[in-house]
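What follows is a single structure, written as structure tokens, with notes after it.
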Amino acid sequence: MEIKYLLTVFLVLLIVSDHCQAFLFSLIPHAISGLISAFKGRRKRDLDGQIDRFRNFRKRDAELEELLSKLPIY
């Protein structure tokens, strides 16, 4: 019975430590690189590219809807 509790506590600690490691080694470097790119002005260019991709996506989506509306329904 005690082994089950010990195993459960070990797994919980393993999961928590994995999340903490992911937080420290993933979020902090991304935040630093985001600040650096914001100071250099790259963020605005990235947003412009995202807007263009979104417009292209909406255009392709409309074309797909038009194509599907022309197909016969079985």
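Every residue, even glycine, has its Cβ placed from backbone N, Cα and C.
Look at Swiss-Prot and you will find 1-22 tagged as signal peptide.
Per Swiss-Prot, the feature lysine amide maps to LYS40; the stated evidence is experimental evidence. Annotation for LYS40 (lysine amide): no same-chain Cβ neighbours under 8 Å separated by at least 6 residues are found.
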So, in DSSP terms, is LYS40 (lysine amide) helix, strand, or coil?
helix
